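What TrEMBL says about this one:
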DOMAIN    B:67-209  domain 'tRNA(Ile)-lysidine/2-thiocytidine synthase N-terminal'
BINDING   B:70, B:71, B:72, B:76, B:102, B:180, B:185  ATP binding site
DOMAIN    B:253-283  domain 'Cytoplasmic tRNA 2-thiolation protein 1 C-terminal'
REGION    B:287-318  region 'Disordered'
COMPBIAS  B:289-301  compositional bias 'Basic and acidic residues'
COMPBIAS  B:302-318  compositional bias 'Polar residues'
C-alpha cells in the first residue's frame with residue numbers, strides 16, 4: 001500500500017525521492033487511502049478518516065459521493081459536522097449573527113443558499129430552545145429573526161415566466177416547512193427597485209436588456225440589479241443583515257471574472273466574509289465551502305432545492321465557469337487555492353462587521369479580533385463607488401473618456417463608473433446615455449445627481465475631454 | 001471645398017473599406033487590440049509609435065547605453081530586433097544595440113532559430129553574441145537530460161536560460177536587456193500566479209516554463225475572441241491588486257557561490273548545478289520549505305565527499 005503524506009508532513013530534504021507531496025499542485029488523495037498526518041498510521045479504506053468508526057459516504061451513499069475526495073474520506077456525520085464547522089467558524093469569527101439581528105437569507109433555490117438557509121435555521125432553532133428553557137431567569141438573550149428572500153426574475157427572462165412562478169411557489173413551500181420559528185417569506189420581483197412604478201419598472205428593465213449590447217455586461221447588470229432589489233427589500237422590511245450562500249467555487253469564478261475585466265483594485269471588496277459597503281451589510285457564512293460539498297450535503301440530507309431558475313452563464317462569465325470547472329476536475333484543490341491567493345489581497349475598511357454602539361459589544365469585538373488574529377483596520381474608506389456596480393473606485397478614473405462623444409452631464413456619469421462598467425454597460429455617446437439613464441431606477445440616478453453635484457474635482461478633471469457645442473463629434 | 005470632401009468620402013476603392021486612420025488606402029486588416037480596420041502602413045506606424053511612446057514615457061533608456069536584445073529567433077524577438085533598430089535610428093535614441101542569443105545545447109532544437117538570429121544580425125545590422133549553457137554552466141541540456149530524464153528538465157532549462165541572458169549580458173558589459181515579452185505573456189503570468197497561489201509574484205512577473213501555461217494560454221485565446229481588450233484588462237488588474245507592502249517579499253541578496261542576485265544563500269542555478277555535479281538530480285526541484293531550508297540542506301551536504309559523477313562547472317563568477 002502506498003503511503004501518501006500530506007504536504008505539511010513531507011520530509012524536509014528536497015532530494016528525497018519517496019514521492020512525498022511537496023507541491024500543492026498535486027491532487028489531494030481521493031481514494032480514502034490517505035493517512036491522517038496528525039494521528040499517524042494508515043487508514044482502512046472505506047472507513048471515515050475522522051471518527052474511524054463509520055463507513056465513508058462512498059460506501060454508504062455511493063450515488064451521492066460523486067467525484068470529490070470528500071465522499072471517500074468522511075462518513076456522513078463527520079462530513080456534515082465539517083461543513084457546519086466551517087459555517088460556525090465564519091459566523092463566530094466575524095460576528096455575523098447577533099441576538100438582536102434581523103437576518104434576511106437570500107435563497108435562490110440552489111443548493112448553496114439552501115444549505116445557508118438550513119444552517120441559519122438550525123442556529124435559530126437552537127437559540128429559540130435556549131430562550132424557551134431559560135425564560136425563568138432575568139437576563140436572557142433574544143432570538144435573532146430570520147426572513148427569506150427569493151428574487152423573481154420573470155421580467156428579465158420572459159421565456160421562462162411560467163417556470164419562475166412555479167419555482168417561487170416551491171421555494172415558499174420549503175420556507176414554510178422550516179419552522180419553528182416562523183420565517184417571513186419575501187418574493188421580490190426585480191422591478192421592485194422601481195417601486196412604486198412597477199409597470200414602468202417592468203418596461204424599463206426589458207428595454208435595458210436591449211440597450212446594453214455586451215452579453216457579459218447584460219449579465220453583470222442583472223446581477224447588480226438583483227443586489228439592489230435585495231437591498232431594498234431588506235431595508236423596507238426591517239432587516240439589518242443579508243446572508244448570501246456564496247461559496248468558495250463561486251468566489252473563485254468571481255476572482256477570475258474581476259481580473260479579466262480590469263477590476264483588480266476592487267476585487268478584495270467582494271470576496272471577504274463581510275461586505276458592509278451596502279445600506280444592509282451582506283455576509284457570506286459559506287465562503288469556505290466548495291459547491292461540490294454543498295451539493296453533496298443537500299443530497300445526503302434530502303434538502304429540497306429548486307433548480308428551475310438556474311441559467312447557464314454566457315459570455316466571459318460562462319467561459320470562466322467552464323475554465324474553473326476544468327481546473328477543478330484536474331486538481332480538486334484549485335478553487336480553494338484561487339480563493340486563498342485572492343484572500344491575501346488587502347480588504348477595504350467596509351469589509352468587517354460594523355461596530356455597534358454598545359460598550360459590551362465593543363469589548364466582545366476586541367476579544368474576537370484577538371482570538372481569531374484579525375488585524376484592526378487602519379485604512380481610509382474609499383472616496384467613491386461605481387454608480388452601477390458599487391465597486392470602490394480608484395482615484396484616477398477618467399482615462400476611459402478619451403475619444404468619446406459626451407457632453408457634460410453624461411461625461412460626469414461616465415466618470416462616476418468603474419472602467420469595467422464604462423466599457424461593458426454604459427453607452428458610448430450622449431443620446432444613448434440619456435436614454436440609458438432614463439431607464440435606470442431612481443435610486444441610481446439620484447446617486448448620480450448627488451455625485452455630480454458634490455464632485456467638482458471630477459468636472460475639472462474632465463474639462464479637457466469634453467466636446468464643446470460647436471464640435472461635430474469624433 | 002464641400003464637393004471635394006463629398007467626392008473623397010464617396011469614392012471608395014473597389015473591393016473594400018478605407019483605413020480608419022489615413023482614410024486613403026484600403027483597409028488590409030482588423031487590429032486585434034482595438035478592432036480598428038486599418039491599412040498595412042498605418043498598422044506598422046501605429047505599432048511602432050505605441051512602442052516608441054512606451055519607451056519615451058517610461059524613460060526606459062539613456063543616451064549611449066549598451067542594450068542587449070534577447071533574441072530567440074522567434075516572432076517576438078525578431079519583431080523586437082527590428083523595432084529597436086528602427087526606432088533607435090528614426091528617433092536617434094543613441095543606443096548601442098546587440099543581439100543576445102542563448103544556446104541550450106539541445107541537438108536539433110536551436111539550429112533553425114539560431115539561423116534566424118544570424119539572419120537578423122545581417123538584416124538589421126545588430127552584432128550577435130551567442131552564449132551557451134556549456135560555456136556558462138559546463139552542461140548542455142542534452143547532457144542534463146541524460147542524467148535526470150525528461151521529468152524536471154524544464155525547471156533546469158528555464159532557470160538556466162533566465163540566468164544565461166543575465167550572465168551573457170554581463171559578459172558583454174551591457175547596461176540593459178530588452179525582451180520580447182508581450183501582453184499575452186504578462187496576462188498569462190498574472191493568471192497563473194492567481195491559480196497557483198503566489199501572492200508575492202502577482203506584482204513581480206517571473207517567467208518560467210510550466211505545463212499549466214497550456215491551460216492558461218488556451219483560456220486567454222478564448223477570452224481574446226470574446227473580448228480582445230480583456231488581455232490588457234488582466235494586466236491592469238495585476239497592477240491594481242491591493243497587495244500590502246508588508247507582504248512577505250523575498251529579500252534580495254547575492255548568491256554566495258557566484259555573486260548572482262538571489263533571495264536565498266545560493267542562487268537557483270548554483271543549487272541545480274551543485275545537484276548535477278553531485279549526481280543528485282532532484283536537488284532544487286520542487287518547493288523549498290522557507291528561507292532556511294536551503295541553508296540547512298547546504299550545510300548538511302558540504303561535509304560529504306565529492307561524487308564520482310561530478311563535473312567541472314564553467315566559470316560562474318559574476
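Cβ coordinates come from backbone N, Cα and C, glycine included.
Locations of recorded TrEMBL features on the structure.
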residue: B:70; record: ATP binding site; contacts (Cβ under 8 Å, 6+ apart): B:77, B:80, B:100, B:165, B:177, B:178, B:179, B:180
residue: B:71; record: ATP binding site; contacts (Cβ under 8 Å, 6+ apart): B:77, B:78, B:80, B:81, B:99, B:100, B:101, B:117, B:120, B:128
residue: B:72; record: ATP binding site; contacts (Cβ under 8 Å, 6+ apart): B:101, B:102, B:113, B:117, B:180
residue: B:76; record: ATP binding site; contacts (Cβ under 8 Å, 6+ apart): B:180, B:181, B:182
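Between the two most distant C-alpha atoms of the annotated ATP binders (B:70, B:71, B:72, B:76, B:102, B:180, B:185) there are 20 Å. Looking just at the domain 'Cytoplasmic tRNA 2-thiolation protein 1 C-terminal' (B:253-283), the mean pLDDT is 85. Mapped onto DSSP helix, strand and coil, the domain 'tRNA(Ile)-lysidine/2-thiocytidine synthase N-terminal' (B:67-209) counts 82 helix, 20 strand, 41 coil. Counting every protein chain shown, 19 other Cβ atoms lie within 10 Å of the Cβ of residue B:180 (ATP binding site). Look at the binding-site residues B:102, B:185 and count other Cβ atoms within 10 Å of each Cβ; B:185 has the fewest. For the domain 'Cytoplasmic tRNA 2-thiolation protein 1 C-terminal' (B:253-283), the DSSP counts in helix, strand and coil order read 10 helix, 4 strand, 17 coil.
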